[in-house]
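A.B. asks: After the structure tokens below, expect a handful of questions from me.
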Amino acid sequence: MAGGRRKKQHFGRIHAFSCGKASFKGEHSLIGGPGFSRVVYCNEPDCVEASVLNYGSNYVRTSKYTLVTFFPKALFEQFRRVANLYFLLCAIMSFTPLSPYSAVSNVLPLVVVIGFTMGKEVLEDWRRKKQDIEVNNRKVKVHSGDGVFDNAKWTDLKVGDIVKVEKDEFFPADLILLSSSYEDAICYVETMNLDGETNLKLKQALDATSNLHEDSSFQNFKAIIKCEDPNANLYSFVGGLELEEQQYPLSPQQLLLRGSKLRNTDFIYGAVIFTGHDTKVMQNSTAPRSKRSKIEKRMDKIVYFLFFILVLMSFIGSIFFGISTSEDLEDGRMTRWYLRPDDTTVYYDPERAPAAAILHFLTALMLYSYLIPISLYVSIEIVKVLQSTFINHDLQMYYEEADKPASARTSNLNEELGQVDTILSDKTGTLTSNSMEFIKCSIGGTTYGRGITEVERALSWRKGSAFAQEVADEEHQVEDWTKARPSIKGFNFIDERITNGNWVNEPRADVIQKFLRLLAICHTALPEVDEETGRISYEAESPDEAAFVIAARELGFKFYERTQTSISLHELDPISGRKVERSYKLLNILEFSSSRKRMSVILRSEEGKLLLLSKGADSVMFERLAKNGREFEQQTKEHINEYADAGLRTLLLAYRELDEEEYNEFNVEFTEAKNSLSADREEMIEEVAEKIERDLILLGATAVEDKLQNGVPECIDKLAQAGIKIWVLTGDKMETAINIGFACSLLRQGMKQIVISSETPESKALEKVGDKSAVAVAFKASVLHQINEGKKLLTASSENSEALALIIDGKSLFCALEDDVKDMFLELALGCASVICCRSSPKQKALVTRLVKVKTGTTTLAIGDGANDVGMLQEADIGIGISGVEGMQAVMSSDIAIAQFRYLERLLLVHGHWCYRRISSMICYFFYKNIAFGFTLFFFEAYASFSGQVAYNDWYLSLYNVFFTSLPVIALGVFDQDVTAKLCLKFPLLYQEGVQNVLFSWSRILGWSFNGVLSATLIFFFCIRAMEHQAFRKGGEVVGLEILGTTMYTCVVWVVNCQMALSINYFTYIQHLFIWGGIIFWYIFLLAYGAMDPNISTTAYQVFVEACAPAPFFWLLTLFVLISSLIPYFTYASIQLRFFPMYHQMIQWIRNDGQSNDPEYCDMVRQRSLRPTTVGVTARFEATSKRFEEKPEGH
């Protein structure tokens, strides 16, 4: 480690926290009691005491099944579908004499259906299993004894093991930090996978273990940790370490969580305290549940309805059958003598007519089973798998940079993609790409920087924008300058006035010098020198802090060295024009916190001046300016507003000179506050800092672009136009989340914000009160008050059509999700155009998702990229994982994985719409064709006195859904398009057809069912009346059952296939092949089956060759029945299209009339919007235009 290791640096001294100190007061006194009973024997995981405790292994499973649970769970999944349960009963009964058909023809389809679906489940779960195997088999160094660390699999870790984790590795379990490569045992941790934050967290071990720097140090190391039991709270930890009979308190400062990553530290040693499903990240995840789409649930209701019809038909038939049977033998006289009722079985015995009727009822239940389509489920499974394949192979959702295509990990939810009402999105890594870029700044009242932000680009993208040309010209210039210089991560600043040392010629060169010096000094970043190139890079606690240091370096103030007491720069001297080395003595760092919203450093320059350099949010910095320090205040405020409008994160920079007496007084108080162990230590530090951070002199402001992923504003705009509500749930700070809200146009200037925060003065005052229960009650009352105030604003805004945004932090959200408050919170949230939940824990994300899903009853989609999003993804109706750079936890728990947020637009508006439409049409058509077929059976039963005689041959029945009518339905489900992908994106409102479920409404389902009954009626009665008494063959023979059955069946095959041809919007050769091929195959089957031995073909023996084909009447009747059966649908469809067109039909008109490129005509169609778009680039543009229009009136 020599040379590269920064062991001698005592960074604990420059930070405000007191080096990990904690006391045994408060919660630590609970150790050993209920909820705090865990005992860990460090370095002795296999000792007798540890083995008695029997803690779980470090094995983690996210798959749904195991070898043991697969068959029971998968079979339960299949037979919770009521149709499959019914077919199982029919299959069992088909082995009895009650069966109207052979057992083989009935059992075989059920086995195929169940087998195929279970096979699909196996394949999908195997993919999850493989990802589990990859994570569980990762390697980590574990102490094996005698001071030797060997590689071991994550899954083999035990509670009490000592592990060594090296730089850029993930922590394999929850660990207590014992020591690190730094002398004072600090380490930097990235928790992005847990809480979404990209800034590095500083952790520090106890002083008692901080000297364990070598592997050999652990040869005789023994300690006992007593701590809290496994729980889901990421931000708290209570425990104690017993070492050499001394007790030391443990706090979250020593806790390293599984899934987080070691950064900027060569190695750490840690003791495993929680493993596997006991770790906090796994405690925050919920078990993967079996998700079913709303269409599938409604389909079950249709099956119940059809089952009711089936029972009713069977009941009616059995009553009539019982009456007819009882009348067969009256006073010894036989009414229907040809049935020999005097010599028959129990099934037709007039003496036992009630028993015969009951047995007939069971036979009828089996006979009418064709009303319920057994192949529907397997056809839908096939279609969904093929739809998923199209999603996986869509080149427009393939991210070439990372070689990541879209991946539908489950195909059960394809149609749900077309019905999403609310999207709940993570922020970091999902909307943003974790890349901050210094792009603009305001110095001394002058704005610098010519870069174009994503928001400006998105605004200009809208056609007809007033500044589109201006932005385009600027962008071309920027591109030219960018090509002329190498790309620098974090620095996208272009302005020849201050780059390349030109700032020395500016009128305010002295202010610029102070501004750049402040950027180079006021931070906690650490420099790293590449030994090969000599290039300096920086490890910072947050990406925007790194961007500031890089900007200072590129503009002539290079920060190159930090010690515990000094910071050194290479500065550009404005007088000589040369680089000079300057060192500043670092006295204090006043750290940034979400309540302070600023950071300051106090230092002594080489000239002996005491300086306070400060940077922070404008909301807290302007009020701290001195009267003589406000020279550029007005111009800076204007620039900050411009930057905010462009979606940039802004900070104000200011400084002041201190006198010795004032500083000495401050230093005493500050040191005292830092070393305090009392509960209000943080408040004490803030109060002391408050006294010195005043009378500042304004230098200017920075503007950093929190680099959104490409295309995010446009994607959100399209989704908003489609009527989809978008909520952002993030573990990040409120200011950061609000900035991103502006950047991606979920928020905009002028939009009223309802902020429910725990950072109010009242809340802070409450926290200082000792009684916790009283504080909780008062805090809840405060949140309730804020919600009620928000609802008043909402009522007022609805009267003047103003859009509102709701922003709430984690503590307030905890109260808002309580049973007696959550309904009010949801009512407020649903009334707002945007909702942003900040500082949300993974559990809260899942609870918010559940609240929206359960209370609104609409389809929710959650999208995220980290382990902190897993609960949310599993709770939502659809979970979308971003397969980003960091970790795979979200992807492993998701239903569909995509590489970039922008692909969500195509996934929902194109694939979602198509899948919803295809599955809806497919199911409606399936019920239509089965009702049409089933009712011909019923009508024939009625015609044959409900005798249980089947109109069709056994194999006609079995193959109807398998060969002659199923393939066209599958083709419909896979290939049909009402409009092209381009038009789906051009008219996003088309998506509302799915959200409102217009294509699978009860009226539409009943309409198709009625069409089926009507088709069956026309087919049966035309066939029976035309053939009943008519001579059919040349010899004058009349029609028998076999000819009637074959003719009716031929008519059914023709009618349902031609009905399909009328319903399809988009023909491919596959549709033609399946529709006309299905009809041709029926005739081929008749020839082949009819040519078999009569014992096999039974009633189909030579029926086509000898009877049907030679008779012109057969062909004429088929044609007549076909036209008669299709006329009702054709008439209805024509009237509906002409006078009551649906939205997709209007778009088809535009396309067919060649007007899809006519802006005026397209806008007219878009005006059919069901509600105004309130967020997104389009809404931002409209609001901006409105402001400009209203301005003259105000003057």
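From the backbone N, Cα and C atoms, a Cβ is placed for every residue, glycine too.
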A.B. asks: Pick from 83-103, 1112-1132: which stretch is listed in TrEMBL under transmembrane segment?
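C.D. replies: Per TrEMBL, the stretch marked transmembrane segment is 1112-1132.
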A.B. asks: Spatially, and counting Cα to Cα, which of the binding-site residues is closest to Thr428 (Mg(2+) binding site)? Options: Phe592, Arg649, Gly731, Arg839, Asn868.
C.D. replies: Gly731
A.B. asks: Measuring Cα to Cα, tell me the gap between Arg839 (ATP binding site) and Asp426 (active site, 4-aspartylphosphate intermediate) in whole angstrom.
C.D. replies: 11
A.B. asks: I'm a bit unsure how to read this: which one of 926-943, 955-975, 1005-1027, 1073-1092, 1112-1132 has the highest number of Cβ pairs shorter than 8 Å with the transmembrane segment (302-323)?
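C.D. replies: Comparing 926-943, 955-975, 1005-1027, 1073-1092, 1112-1132: 926-943 has the most Cβ pairs near the transmembrane segment (302-323).
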A.B. asks: For Asp426 (active site, 4-aspartylphosphate intermediate) and Asp869 (Mg(2+) binding site), determine the Cα separation and express it in whole Å.
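C.D. replies: Cα of Asp426 (active site, 4-aspartylphosphate intermediate) to Cα of Asp869 (Mg(2+) binding site) measures 7 Å after rounding.
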A.B. asks: Measure the Cβ-based neighbour count of Asp869 (Mg(2+) binding site), defined as the other Cβ atoms within 10 Å of its Cβ.
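C.D. replies: A count of 37.
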A.B. asks: Do you know offhand how many angstrom separate Arg649 (ATP binding site) and Asp865 (Mg(2+) binding site) by C-alpha?
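C.D. replies: Spelling it out, the Cα of Arg649 (ATP binding site) and the Cα of Asp865 (Mg(2+) binding site) are 23 Å apart.
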A.B. asks: Within 10 angstroms of the C-beta of Asn868 (ATP binding site), what count of other C-beta atoms is obtained when all protein chains are considered?
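C.D. replies: Taking all protein chains shown, Asn868 (ATP binding site) has 32 Cβ neighbours within 10 Å.
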A.B. asks: How big is the gap, in Å, between the Cα of Asp865 (Mg(2+) binding site) and that of Gly731 (ATP binding site), rounded to a whole number?
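C.D. replies: Given the Cα positions, Asp865 (Mg(2+) binding site) is 13 Å from Gly731 (ATP binding site).
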A.B. asks: Mind checking which residues reach the transmembrane segment (1112-1132)? Cβ under 8 Å, same chain, six or more beyond either end.
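C.D. replies: Answer is 1011, 1014-1015, 1018-1019, 1022-1023, 1026-1027, 1030, 1032, 1047, 1050-1051, 1054-1055, 1058-1059, 1062.
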